[in-house]
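**Q** Pasting the relevant annotations from TrEMBL:
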type     : residues : note
TRANSMEM : 12-39    : transmembrane segment
TRANSMEM : 51-70    : transmembrane segment
TRANSMEM : 90-112   : transmembrane segment
TRANSMEM : 119-147  : transmembrane segment
TRANSMEM : 159-177  : transmembrane segment
TRANSMEM : 189-211  : transmembrane segment
TRANSMEM : 217-238  : transmembrane segment
Amino acid sequence: MLLGELGVFASYAFAPLSLIVPLSAVSVIASSIIGIIFIKEKWKPKEFLRRYVLSFVGCGLAVVGTYLLVTFAPNSHEKMTGENVTRHLVSWPFLLYMLVEIILFCLLLYFYKEKNANNIIVILLLVALLGSMTVVTVKAVAGMLVLSIQGNLQLDYPIFYVMFVCMVATAIYQAAFLSQASQMYDSSLIASVGYILSTTVAITAGAIFYLDFIGEDVLHICMFALGCLIAFLGVFLITRNRKKAIPFEPYISMDAMPGMQNMHDKGMTVQPDLKASFSYGALENNDNISEIYTPATLPVMQEEHGPRSTSGVPYRVLEHTKKE
């Protein structure tokens, strides 16, 4: 992973941002194929097509989309000197974009933190907005580092360190939001939705900051957009048929309670209903439930013990009539 991320980091210095960002679909294709080969899940031949047909179709669509992206992506590339980065940073289109993004980010963060809006779209939009700033700063830092290595020193420009700090900060907060999303949603759903949202926002940011599509004709732009849509559909189909993990809900075994007999003749435990909002025996916080819903206890009456040879139950439950 470290070598792969270093390769992606270096690639930003040699190609337009709008080309590199959508190519992350290649990692989704590779991981799906490698997973089928190396995980070695047990399956029956008749279930193979039913389980993996969507993955194969998705891989094919992702390959077609990737081909269109590479063919019709912007091919103009600007050297990332300190002057160029500063000029792009203070341009009015990017400042307007930053204003809109900050307002949208604050609104989403307010609903997420204060209103408990834990929808996956809300969380991954926060990640995508941070990710757009990450890729913008990564391209600037990588380009200035490459120029410095080639002999044109760029490390004496303050904008390099501003971009570096923004890159690290946005990457850390992205990881924090992704960690929170992974605790609430399936990883395959996060991968597909996150790829679509992050790619869309990142391409928009790159087009505004680096002016990637300036000078491109309408046909190339339309074919590039079509390639993105096909790649989006391919990634969605690849992750569509992944099994969702069933969350474990602990329950109380009535057998484990001392002095109590089994609730069932066969000694079965009380299992919770996973589909119900409240299930008997589940370890849930019921502090907010009114006292009127407190379960009533049946009166018990202790029998007199007979001789030691006589066997009997220590307690019995009294039956009540309808009037009582």
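Numbers here mean position along the shown chain, with the first residue as 1.
Cβ atoms here come from the backbone N, Cα and C positions, even for glycine.
Automated prediction, rather than curation, is the source of TrEMBL annotations.
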**Q** Does the transmembrane segment (189-211) come near the transmembrane segment (90-112), with 3+ Cβ pairs under 8 Å (pairs 6 or more apart)?
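**A** In contact, yes.
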**Q** Take a look at 12-39, 90-112, 217-238 and tell me which one has the most Cβ pairs under 8 Å to the transmembrane segment (51-70).
**A** 217-238
